[in-house]
Amino acid sequence: MGFNDKSIILKLKELSQKSYSKYSKFSVSSILITKSGKEYYGVNVENASYSLTICAERNAIFSAVTSGEKDFKRIYVYANSDKLPFPCGGCLQVMSEFVDDDFKIILVSNKEKKEFKFYELFPKRFKL
């Protein structure tokens with residue numbers, strides 16, 4: 001199944017408006033595409049106790065897992081910013097539970113779009 005990046009990017013921009021980012025004012029949205037072709041959505045949700053904040057990427061992943069999906073194809077991450085929204089280490093570690101080194105991470109800002117393979121952003125996974 002092919003994906004139209006333009007339609008995904010439009011969805012990301014609309015979705016980012018649902019972000020709860022009253023502290024940082026940095027709204028992030030994410031769309032996770034599973035190997036079955038389903039889309040799972042996430043936005044960042046901040047909290048006054050900042051360590052309780054959850055990133056958009058993890059929200060999308062946890063939603064997929066809750067729905068019984070664990071085979072992921074790619075993830076799109078968008079921020080209403082001129083800089084690319086690189087995933088934090090926590091999000092990359094969570095991804096590492098479910099993805100292989102060639103999993104695609106597509107980052108989108110207001111100025112550019114860039115695709116990475118998982119291993120390029122997280123070459124050394126923690127594994128038990």
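Cβ atoms are placed via backbone N, Cα and C, with glycine included.
Look at TrEMBL and you will find 3-128 tagged as domain 'CMP/dCMP-type deaminase'. Feature annotation from TrEMBL assigns substrate binding site to Asn44, Val45, Glu46, Asn47, Ala48, Ser49, Tyr50. Residues or ranges marked as Zn(2+) binding site by TrEMBL: Cys55, Cys88, Cys91. The active site, proton donor annotation in TrEMBL covers Glu57.
Features recorded in TrEMBL, as mapped to the structure shown.
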{"residue": "Asn44", "record": "substrate binding site", "Cβ neighbours (10 Å)": "24"}
{"residue": "Val45", "record": "substrate binding site", "Cβ neighbours (10 Å)": "17"}
{"residue": "Glu46", "record": "substrate binding site", "Cβ neighbours (10 Å)": "19"}
{"residue": "Asn47", "record": "substrate binding site", "Cβ neighbours (10 Å)": "12"}
{"residue": "Ala48", "record": "substrate binding site", "Cβ neighbours (10 Å)": "8"}
{"residue": "Ser49", "record": "substrate binding site", "Cβ neighbours (10 Å)": "7"}
{"residue": "Tyr50", "record": "substrate binding site", "Cβ neighbours (10 Å)": "9"}
{"residue": "Glu57", "record": "active site, proton donor", "Cβ neighbours (10 Å)": "26"}
{"residue": "Cys88", "record": "Zn(2+) binding site", "Cβ neighbours (10 Å)": "12"}
{"residue": "Cys91", "record": "Zn(2+) binding site", "Cβ neighbours (10 Å)": "25"}
Practice item. Give the sequence-ordered set of same-chain residues, not counting Cys55, Cys88, Cys91, with Cβ within 8 Å of the centre of the Cβ atoms defining the Zn(2+) site. Key: Ala56, Glu57, Arg58, Pro87, Gly89, Gly90, Leu92, Val94
Check your understanding: C-alpha of Val45 (substrate binding site) to C-alpha of Cys88 (Zn(2+) binding site): distance in Å?
Key -> 15
Check your understanding: Excluding Asn44, Val45, Glu46, Asn47, Ala48, Ser49, Tyr50 themselves, which residues in that chain have a Cβ inside 8 Å of the centre of the Cβ atoms defining the substrate site?
Key -> Tyr20, Tyr23, Leu52, Thr53, Ile54
Practice item. Compute the C-alpha separation of Cys91 (Zn(2+) binding site) from Ala48 (substrate binding site), stating it in Å without decimals. Key: 20
Check your understanding: How big is the gap, in Å, between the Cα of Asn47 (substrate binding site) and that of Cys55 (Zn(2+) binding site), rounded to a whole number?
Key -> 11
Review point. So which recorded positions are near Asn44 (substrate binding site), with CA atoms within 10 Å, out of Cys55, Glu57, Cys88?
Key: Cys55, Glu57
Study note, to complete from the structure: CA pair Glu46 (substrate binding site) / Cys55 (Zn(2+) binding site), Å rounded to integer, equals 8
Review point. If one looks at the chain holding Cys55 (Zn(2+) binding site), which residues at least 6 apart in sequence have a CB under 8 angstroms from its CB?
Key: Val28, Ser30, Gly42, Asn44, Pro87, Cys88, Gly90, Cys91
Exercise for review: Kindly state the mean pLDDT of the domain 'CMP/dCMP-type deaminase' (3-128) in the predicted structure.
Suggested key: 96
Check your understanding: the residue listed as 'active site, proton donor': which of the binding-site residues Ala48, Ser49, Tyr50 is the nearest Cα neighbour?
Key -> Tyr50
